[in-house]
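Over in Swiss-Prot, the protein carries these features:
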type: ACT_SITE; residues: 79; note: active site, nucleophile
type: ACT_SITE; residues: 166; note: active site
type: ACT_SITE; residues: 168; note: active site
type: DOMAIN; residues: 2-188; note: domain 'Glutamine amidotransferase type-1'
């Protein structure tokens, strides 16, 4: 399976590629200046983190909004990628009332799909100033934390996922399980 990992300049993006390769996938780092057509060869897309804000810097994210809307493959957004998916598909993203940095308790409210095996909670690495406050229509919330209601979300057909935390960072408990679960879903 070939996975495009969209790089937005986040400090942990290389770890996403490393984890996916460790799990036996062909993971390729892609900058968002490639056209949608150039990504048609991929079986899934993972949107990594980065320094931008989808609130007022969507224009700095190249063709990434088009990837969200136009590529008909399973997608996983991590941190900024999670916020990007929410914003582009009609959810609401705002400056966080209380930004999260470091280890945070993430409470799993629905462990179906990408969070299978992680209930009741995990300690997860966070690094964000913005947050999804309302998922797009047709999405449900999978996890929350004390300061962020939408720590994880999925669409109704279980093909588009977002997580606010960083499963690729070693400090996140069972982070690799998020990727394993995503791969299982992609292979269905």
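Using the three backbone atoms N, Cα and C, a Cβ is placed for every residue, glycine included.
Looking just at the domain 'Glutamine amidotransferase type-1' (2-188), the mean pLDDT is 96.
Cα to Cα, residue 79 (active site, nucleophile) and residue 168 (active site) are separated by 11 Å. The Cβ of residue 168 (active site) lies under 8 Å from the Cβ of 12, 15, 16, 18, 19, 78, 175, 179, each of which sits 6+ residues away along the same chain. Within 10 Å of the C-beta atom of the residue listed as 'active site, nucleophile' sit 27 other C-beta atoms, taking all shown protein chains into account. Cβ neighbours of residue 166 (active site) (same chain, under 8 Å, six or more residues apart in sequence): 12, 49, 78, 79, 124, 125, 126, 127, 172, 175.
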